[in-house]
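Peer 1: Quick paste of what TrEMBL says about this protein:
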- 12-29: transmembrane segment (TRANSMEM)
- 14-300: domain 'Sugar phosphate transporter' (DOMAIN)
- 41-66: transmembrane segment (TRANSMEM)
- 78-96: transmembrane segment (TRANSMEM)
- 102-124: transmembrane segment (TRANSMEM)
- 136-153: transmembrane segment (TRANSMEM)
- 159-183: transmembrane segment (TRANSMEM)
- 195-214: transmembrane segment (TRANSMEM)
- 226-248: transmembrane segment (TRANSMEM)
- 255-276: transmembrane segment (TRANSMEM)
- 282-302: transmembrane segment (TRANSMEM)
- 318-341: region 'Disordered' (REGION)
- 318-330: compositional bias 'Basic and acidic residues' (COMPBIAS)
Amino acid sequence: MAKMINKTLVLTYIYLLIYIILSSGVILYNKWVLSPKYFNFPLPITLTMVHMGFSGFVAFLLIRVFKVVSPVKMTFEIYVTCVVPISAFFASSLWFGNTAYLHISVAFIQMLKALMPVATFIMAVVCGTDKARCDVFMNMVLVSVGVVVSSYGEINFNIIGTVYQVMGIFAEALRLVLTQVLLQKKGLTLNPVTSLYYIAPCSFVFLSLPWYVLEKPNIEVSQIQFNFWIFFSNALCALALNFSIFLVIGRTGAVTIRVAGVLKDWILIALSTVIFPESTITGLNITGYAIALCGVVMYNYIKIKDVKATQPTADSLPDRITKDWKEKNSSDGGSPRGLELNDEEAPLITSRLSHIGRTQLGNHSAV
């Protein structure tokens, strides 16, 4: 029994490492593909559509051809009232987020992403899924001040890229809240494959509208290079990230997930300055991000405390793994409830979680 638990614990940290590598890798890969200084494919909507088309195709094969996963009962009403609006904001968040890579550095983008809990809290209060609280509000002020300081210290500050990134953050926050409100109301639970199956094609359709207006003319008049293996491997990495998140969620707890997310952000900021030498980090950047991170950590602590208050006992990571292992051997198992891992590069998976725990909305861990 002890050997089994130790083996499970080792696997958990291996999955966390894989998640951190894939999450950082997808972001850096997207930046490299889109940047005019490197691969020079400055068409973020096209790249996002490649991801959606590939993900939807793989999900179709798994559900309809190989029948590895059974489809959920999806009515026309649920599709129109739930999947369509969620897909619209999902597509918008990816479009805006990928466009930001054309204008600002990966390091600065990660610093701006500290605003995610602020955006999610605002949207949750507006939509009535959360209440305005003084302690959370003060944390949001601290995060906002940190991001402002970090932005002031950005040497290559670009207002267009900053606006795109902030718009992407708020679109993702609204998607999370809508997922909670709409899917929970309908009692619909989507696993990773069914999320891809239903949401990716719809997002592809939404993206085709701005693509036709903004990018199709550029493709026709310019010599845009298209390397099949580059785009195939890029889309495959994004798909692998989705499934790595699912594995992490199924094997660890909220505290470990959030710590892994913070660690990944710092690693990504450091790696981006090495891979993209034009990215310059100033002392004011780091100071502002550290201030914002303090607010994010405090916010995470409050949310985790709220979740624990609703649970009879608070399990540590080894205890949770032991509990999950026992449940898997006594029943059909399943992922721990109430966990959250909002990753802007792979939000299809997190849509499954955001409607499970009403008390947990907010900060991305990754990607």
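Glycine too: its Cβ is placed from the backbone N, Cα and C atoms.
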Peer 1: Would you say the transmembrane segment (136-153) and the transmembrane segment (12-29) are touching, if the rule is that at least three C-beta pairs must lie under 8 angstroms and be 6 or more residues apart?
Peer 2: no
Peer 1: Answer yes if the transmembrane segment (78-96) and the transmembrane segment (255-276) have at least three CB pairs under 8 Å among residue pairs 6 or more apart in sequence, and no otherwise.
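Peer 2: These two segments do not touch.
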Peer 1: So, taking each listed stretch (102-124, 226-248, 282-302) in turn and counting its Cβ pairs to the transmembrane segment (41-66) that are under 8 angstroms, which one gives the highest count?
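Peer 2: The stretch with the most contacts is 226-248.
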Peer 1: Who are the long-range neighbours of the transmembrane segment (282-302) in its own chain, taking Cβ under 8 Å and residues 6 or more past its ends?
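Peer 2: Same-chain contacts beyond the ends: 107-108, 110-111, 114-115, 117, 121, 135-136, 139-155, 258, 262, 269, 362-363.
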Peer 1: Under 8 Å for C-beta pairs, could you tell me which stretch among 102-124, 159-183, 226-248, 255-276 has the largest tally with the transmembrane segment (136-153)?
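Peer 2: If we count Cβ pairs closer than 8 Å to the transmembrane segment (136-153), 102-124 scores highest.
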Peer 1: Mind looking up the mean pLDDT for the domain 'Sugar phosphate transporter' (14-300) in the predicted model?
Peer 2: 90
Peer 1: Relative to the transmembrane segment (159-183), which of 102-124, 226-248, 255-276 accounts for the most Cβ pairs at distances under 8 Å?
Peer 2: 102-124
